[in-house]
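Participant: From Swiss-Prot, here are the annotated features:
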BINDING   44, 45, 49, 114, 115, 144, 152, 155, 156, 157, 158, 159, 160, 216  NAD(+) binding site
ACT_SITE  44  active site, proton acceptor
């Protein structure tokens, strides 16, 4: 893969401005639209924002970690950044498409790289019905919320909520309840990536619910349909000795 033209994007208000200045001195960067690869300096959040902003260009992303966890990022190695990009391996991600209908009948669509989540808006637990591929699988779940995570997002909010970590090539989605009250011992489900998942919110007046696709939030939702998109894909580049698959395995052993 030809990766001679590199664009650099970052948060100009970043606390890691000294590291960014060092990275800027390494190379003569080009505009994003002309790039072979987009280098994102920051954390996972910065990478996600830029994926959403530029995914339509079909250009690979290479993340450089200036944040804390940086699960989707590569370690900061200023001296070898350019070489690491040239020798990197690519992982392909398919985002989720969320279609949410609010109580006024408006339809909201958004893409999610990590997860789509629904959660209670007040102090009362949410109640919802779950369908998979048009078949009712749970007539009532009482919980703070629920989420559907991609393999790339399974080690983020999903893991903190008690969900499973999914290998990147598993072609599966993880449906995880958030603080499930009834059924109390239900820990979620692993579903094929081809599944269409629908949450129908029960008692929306008394128990209002919001929905998010990554960082995009929509209020007072009455139903949410989630499915993986095959017509859109994102390529993330990882150092050859620090692949995303390696990180997913390591995370399952407390690494």
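Each residue, glycine too, has its Cβ placed from N, Cα and C.
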Participant: Just to be sure I understand the packing, how many Cβ atoms besides its own are within 10 Å of the Cβ of residue 152 (NAD(+) binding site)?
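Facilitator: So the Cβ neighbour count for residue 152 (NAD(+) binding site) comes to 24.
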Participant: According to DSSP, folded down to helix, strand and coil, what is residue 49 (NAD(+) binding site)?
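Facilitator: It is helical.
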Participant: Among 44, 45, 49, 114, 115, 144, 152, 155, 156, 157, 158, 159, 160, 216, recorded NAD(+) binders, what is the largest CA to CA distance in Å?
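Facilitator: Value for the max Cα separation, rounded to a whole number: 26 Å.
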Participant: Are there any residues in the same chain, six or more apart in sequence, whose C-beta is under 8 angstroms from the C-beta of residue 49 (NAD(+) binding site), and if so which?
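Facilitator: Result: 215.
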Participant: Counting across all protein chains present, how many other Cβ atoms fall within 10 Å of the Cβ of residue 158 (NAD(+) binding site)?
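Facilitator: There are 27 of them.
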Participant: Which has the fewest other Cβ atoms within 10 Å: 44, 115, the binding-site residues listed?
Facilitator: 44
Participant: Under a criterion of Cβ-Cβ distance under 8 Å and sequence separation of at least 6, what residues of the same chain contact residue 156 (NAD(+) binding site)?
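Facilitator: Those within reach of residue 156 (NAD(+) binding site), by Cβ under 8 Å and sequence separation of 6 or more, are 44, 71, 114, 115, 149.
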Participant: Taking DSSP as the reference, which of helix, strand or coil describes residue 156 (NAD(+) binding site)?
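Facilitator: Its secondary structure by DSSP: coil.
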Participant: How many other Cβ atoms sit within 10 Å of the Cβ of residue 160 (NAD(+) binding site)?
Facilitator: 10
